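Trainee: Encoded as structure tokens, here's the structure I'll be asking about.
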Amino acid sequence: MEGEALPGISRIRGSPCCSRTLIACARGSARLRHVLGAGSLPGGGPVDLRPLDILAEAVPPNGAAGGIRVTQAHGVRGLQLSAAAPHAVSFPASRIFFRCDLFPEEFSIVITLKVPSLPPKKNEYLFTVVAEEPDALLLGLRYSPTRLHFLFLSQDAAGAWQTRVTFRSPTLMDSQWHTLVLAVSESSFSLTTDCGLPVDIMADVPFPATLSVRGARFFIGSRKRTKGLFTGLVRQLVLLPGSDATPRLCPCRSAELAVLSIPPVLQGPSGRPEDNEVLKYPYETDLKVTLGSRPPCTKAEDAQFWFDASRKGLFLCVGSEWVSVLAAKEKLDYVEEYQSLFTSSETLGIEVFAIPEAGLFVAAANRKATSAIYKWTDGKFASYQNIRTHQAQSWRHFTIGKKVFLAVANFEPNEKGQEFSVIYKWSQRKLRFTPYQRVPTHSARDWEAFEVAGEHFLAVANHREGDNHNIDSVIYKWNPRTRLFEANQTIATSGAYDWEFFTVGPYSFLVVANAFNGTSTKVHSHLYVWLLGSFQLFQAFLTFGAADWEVFRIGERVFLAVANSHSYDVEAQVHNDSYVVNSVIYELNITAQAFVKFQEIPTCSALDWEFFSVGEDYFLVVANSFDGNTFSVNSIIYRWQGYEGFVAVHSLPTFGCRDWEAFRTAAGSYLVYSSAKEPRSHVLRLRTG
């Protein structure tokens, strides 16, 4: 019967006695009924292996054990274990391996956690199984800033040794919740993060078929000692014998919080996770109360509250931003001119961004030889740095680790006829951006920075090469070894104007705005999905001089808005009203697995959409630039009104409006727009009541 599988479970294997021992355990132990399901034993039908909640075994039902605290982060409850003694969050392996002391050869471990940032070379244990005599680590899971390690004891006739299987950069330390599934089958080890694509490793040393846990203990968040204690939050820790747990969890709408089993202490009173009733279990958080100005929101204040007496509001520090929890409903009353930002020439694009410990900035992409960066100082933008550019079209701010970058899209070649765009890096010593890398481009219109599976990318929208608009745009990938961006994929585009990246669940998307194919602005813009290491075509949209895509979410609904700028065909007579065209909002239809048309909005050579919110209201503002006769055209703010869609609520006089950006400061909410027809941008303040 060696290696014989349990009936109905084709993937489980074990030692020469594993199948018989496991069956004997099921016959003799009521405790394993939640591991082995209600199905029959051999001769009477299949056995269903059920998840075993390791965390629930270690934590009392009310969570009130020495040092264990229930803490809420981003609206989700988890357990803080770092103040507890290691033995307080442990239990003997015999509690679940009753009459059977062999750890399953094939299994999955599911863990949901929120991890803190760690200094280099520091490790923390998520869980371990430790033999009492001698004090040996039988198996465990630990992480470092760049690695996740699965450890287990291997042995043969020559002796015993510890084997380590290492997964690189699972992207955990971003102050967000994540759910990991580690599936183990002999020499195969697979890690799935947030229902994404699995990372598979074939190890030289297989997981042992006869790993005895007799006399051992499970330790949650430690290795039986205080060194390496887990300092984050854990919400779920489940062992599933005999199979890969991923199909049970995925797909999932909230993949980072996919649930197989969580302890009662983290569930609502009705037994459902995250019930909205009053908590009945110990709950811990810190509260900041102030009657003065807004306090800083940094890592030190993360998950702490601040009460603003003047606005009668309660705010929660999330990342680097105070998020409203309870407040008098804020409503947009009107928009007022706040600042005229004079620039060296017409401005084609603007980018608002913040640099930790440096401040808030806006980068202006100016038509002439110098573009400028302005810093928010004493409540206004003031000139900060000038950078030489060549008819700059746009800027893109992004970070890689602690490095801060700013990429400019140059439309024209330099004085020597060389055509390239430039990536700049923030110097902490000079407190300025300095040139970092030149990238060959062709009349570049836009950069888009994004991250997929822990790797960093930059996509450039190449508009034309000479008179040819049908050329390749390029996606560059960051090489951590050379610390440079290298060409990774080319995508055929037609007068590309803009890239927009977004994610839906575990899937990553990239959409391009194609504006002109050489004869007509009536061209298809394309949406791509990341599959098997590259972007592949997912959907095509008929657009008319598409200049911008804007993705936004309202509740669980996902929308894509395209700014159509011009209806033109070389074979058709051109009319003045060809600039007055409908721009379109699409909504993701999960059933159809496609974006479908939701609303058409008449626009005047629209060049940009910007989505923002005030209080509980959602808004879209469009950059109307030209109606066929004049550049003095009103740009419109639309408010979300549910079933009615977006309805016009404010009409803003603009001149050659090219780009909108929304931003917030401690003093309030603002909009800034750039003009492609005058050397002046405008900062507008959103007045609320």
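One-based numbering along the chain as shown.
Just so you know, glycine gets a Cβ as well, placed from its N, Cα and C.
TrEMBL does not curate its annotations; it predicts them automatically.
According to TrEMBL, the protein has these features:
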DOMAIN    67-243  domain 'Thrombospondin-like N-terminal'
REPEAT    333-378  repeat 'EAR'
REPEAT    380-428  repeat 'EAR'
REPEAT    432-480  repeat 'EAR'
REPEAT    484-532  repeat 'EAR'
REPEAT    534-590  repeat 'EAR'
REPEAT    594-642  repeat 'EAR'
REPEAT    645-688  repeat 'EAR'
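Thinking about packing and proximity, how do these listed features fit into the structure?
Mentor: On the 0 to 100 pLDDT scale, the repeat 'EAR' (484-532) averages 97 in this prediction.
Per DSSP, the repeat 'EAR' (534-590) is made up of 4 helix, 39 strand, 14 coil.
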Trainee: Under an 8 Å Cβ to Cβ limit, what residues of the same chain, 6 or more beyond the ends of the repeat 'EAR' (645-688), are close to it?
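Mentor: Residues packing against the repeat 'EAR' (645-688) from afar: 293-294, 330-352, 360, 362, 364-367, 376, 379-381, 394, 585, 598-599, 601, 607-612, 614-615, 619-626, 631-639.
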Trainee: Give me the DSSP three-state residue breakdown of the repeat 'EAR' (380-428), ordered helix, strand, coil.
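Mentor: With helix first, then strand, then coil, the repeat 'EAR' (380-428) has 0 helix, 34 strand, 15 coil.
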